[in-house]
Every structure is written in C-alpha cells, then in structure tokens.
Amino acid sequence: PAPVKPPDGGWGWIVLLGCFVITGFSYAFPKAVSVYFKELMKDFHVGYSDTAWISSIMLAMLYGTGPVCSIMVNQFGCRPVMLIGGLLASSGMILASFTTNIIELYLTAGVLTGLGMALNFQPSLIMLGTYFDKRRPLANGLAAAGSPVFLSSLSPLGQVLLEKFGWRGGFLIMGGLLLNCCTCGAVMRPLDMGMRRKTEKAQDKYEAKEMLPIGGKSEEGISTTDGTKKAKKAKKRPKKGKKLLDFSIFSNRGFIIYTISKFILVLGLFVPPILLVNYAKDTGVPDTEAAFLLSIIGFIDIFARPACGMVAGLKWVRPHVAYLFSFAMLFNGLTDICSARASNYTGLVIFCVFFGISYGMVGALQFEVLMAIVGSQKFSSAIGLVLLIEAFAVLIGPPSAGR
C-alpha cells in the first residue's frame, strides 16, 4: 500500500513531545547517573573506573542494540516495542536499588536500563519521520534539544535525591521517572491507523445514507456494501513477509559515505565532554568552575539544536542539508584543534561556547541527513546499522583519547 502522507502537524506535535522526552532520557540518563558514583564507590569498595562502566554499558546498549531494535520495529511496529522498552528501563533501575555488588549493577542499571532506552529511542525517531516531512528538520532539531535540557535537570535532581534518600532511594525514584517512557510510547499512534479510522467513519455515514431511502438508491447501497465486503476479504489475504533488516541500503553510496564519516566523527565527538573537567582541574581551575564548563556546553546546546533545525528547514537550505552537516562536522573538529591553544579558564570558556554550537549542529542534523539519504521506508534498518557501527567508536574513542 502507498505510504500515508505525513500531516506535518496535528497529532505530530504530541509525537514530537514524546520524542523530546525519550531523546532526553536516552542521552542524558547515562551521564546523570554519574552523580551517584562516589556513594557507590564507598558502599561497594570499588574504584572510579569500576563505577564508570555503568554509564559505558548503558551507552553501548543504546548504540549496539540498533539492529535488534530495527528487527523488532519491522516485526511488531513502534508502539509495542516502546512500551516494552519503557518497562525494561524502569525495572532495570528499580532492581538496581536492591543490588548488593557492582556486577549486579552492571546487569540491572547497565544492561536492562540501557536496552530499555534503546527500544524507546530508535522507534521514537522513526515515528517522528513518519509524521513530519516539510517541517522535519525543525522537528528533529526540537527533539534533539531534549538531550541538553534533560542533562541540565537530571543531574541536579539526582544530587537532591542522593542527599535526601541515599543512592538506593534515588535509583528507585529514577526508575519511576523512566516509566514516563511508556506514556511517550502510548502516544506514538501509527499514522495509517488514524487515516483508516477517518475513511471508515466516512464509509459508514455513506452506507447509512444510501440504505435509508427505498428504491433505486437501496440497490446502490447493497452494491456498495458488497464492494466493501470484497475489499475486506482482499485485506484479509496474508501479506508478504517483511524484511527484518534491509541490507540493500549498503548498495547506496551516500549511506556508506555517511556511515564512514559518522564513525570517524564519533571517535572524537564525546571526548571533550568526558575529559574536559579533569583537563581543566589539571591546569589549576577550581573544581566548581571546572564543572561549570559542562553547563556552558549544555546551555549553548539547548539553543543551537532548534536554531539549526530551523535553518535546515529553509527552502534554499533543505536541498543542501548534507553540506550543512559536513560544515558542522568540520566546525566541530576545528574547535577541538583550537582548544589546544586554551591555556587559561577564559580560553576554555570560549572553547565551550563554540563546541556547544558545533555539537548542537551535529546533534540536530545527523538523523535528518540519514533520512534524506535512505528515505523514510528504509530508515528503521539504516539507523539500526549506523548505531551498531557507532557503538564501536563510542567504546574506542574516549579511552584512546585518554591514552
């Protein structure tokens, strides 16, 4: 059947809000959990590197389970997958609050919660692509803004919960918060279902009108009902099996170039946010001021993503959005190179401002460009494979930079 035309609004704004929340949880949650690390180190008598693995496992699950999510979405649809994901993410944190050693934490908070967030993140982007077409760059930019907004709110919230309820109580409440992913999954109504309901209502009205008068019109009414019966029988015929994962996208040269460039980019993309605070401390910056550098990146990022989405949606920019993404990647790399010149706190603040702009541009454009290359029909398979390849870069990048 022909794909339904995206409404570019209406219920799409509710879908966008759900995507905003899920993007926020997916990217910010693994970083926000680091607030609890000091208490975990005391209770379980482990080092910083041992606790840091919790965030690493979460991120690895988010990226590495891409193909599994694609297969499940192609098989069952977005909404059921997201509801299961929300339950898994929540149960992971709730179970983590009862753990007695660090290995149990890896399995609950790391694997279970990471898998749950992965099952939410990917389908939400797919649904956003089905509801928006002309306004898609803006929608992607607004959804991507969830990441810095949630990072700036989840970290202070985690600190408050830690002080009042301890790390176990904090994990329990965080698990409750993650149940909001189920609410976001519930609003992801399949687009064709909404359209089908409208056509069925119109058909029922037409049939009622035709069957009321006696005579020639009643015969017409009978013929229409016969026609609808035949149509329903035709609908009931078994559908051809869907491809669980479409590998034909590797024949698309644009997709291969995108994947290679994204792998190289991700090797360095997460290095500054992870290593910046310690680097600042080593140069003699006080602890509180060093931590504030991440807040600067987050604050700039909040405005950079929607603004970049609006620019990408302009008529004369939209056809050349891949070039804008290339510029964003180049800009991001050049800010990293220039950061080597920052020898004092002022220099680091200037670097954070420019890094926040370039980081936001990359975040807002990455999925928009992928959808423009492969199309909405193959997007579910494409994003799964891209995230799997990026998972290796996420694991290799920061430790390599540390070396």
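Cβ from N, Cα, C; glycine included.
The domain 'Major facilitator superfamily (MFS) profile' annotation in TrEMBL covers 12-403.
Per TrEMBL, the feature transmembrane segment maps to 12-33 (among others).
Same-chain residues lying 6 or more positions outside the transmembrane segment (53-73) and placing a CB less than 8 Å from one of its CB atoms are 26, 29-31, 33-34, 37, 81, 105-106, 109-111, 113-115, 117-119, 121-123, 126, 244-245, 380-381, 383-388, 390-391, 394-395. The transmembrane segment annotation in TrEMBL covers 53-73 (among others).
The transmembrane segment annotation in TrEMBL covers 80-99 (among others).
What TrEMBL lists as transmembrane segment is 105-126 (among others).
For 169-188 (among others), the entry in TrEMBL reads transmembrane segment.
As annotated by TrEMBL, transmembrane segment applies to 255-280 (among others).
The transmembrane segment feature in TrEMBL is assigned to 292-314 (among others).
The transmembrane segment annotation in TrEMBL covers 321-342 (among others). Sequence-distant contacts of the transmembrane segment (321-342) (same chain, at least 6 residues past either end, Cβ-Cβ under 8 Å): 137, 254, 261, 265, 268-269, 271-272, 308, 311-312, 348, 350-351, 354-355, 357-359, 361-362, 365-366, 368-369, 372-373.
Annotated transmembrane segment per TrEMBL: 348-367 (among others), in sequence order.
Taken from TrEMBL, the feature transmembrane segment applies to 379-397 (among others).
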Cβ contacts under 8 Å made by the transmembrane segment (379-397) with residues that lie 6+ beyond its boundaries: 56, 59-60, 62-71, 73-74, 122, 125-126, 129, 243, 245-247, 249, 255, 258-259, 262-264, 266-271, 367, 370-371, 373
Contact yes or no, the transmembrane segment (255-280) and the transmembrane segment (348-367), 3+ Cβ pairs under 8 Å, gap 6+: yes
Averaged pLDDT score, the domain 'Major facilitator superfamily (MFS) profile' (12-403): 80
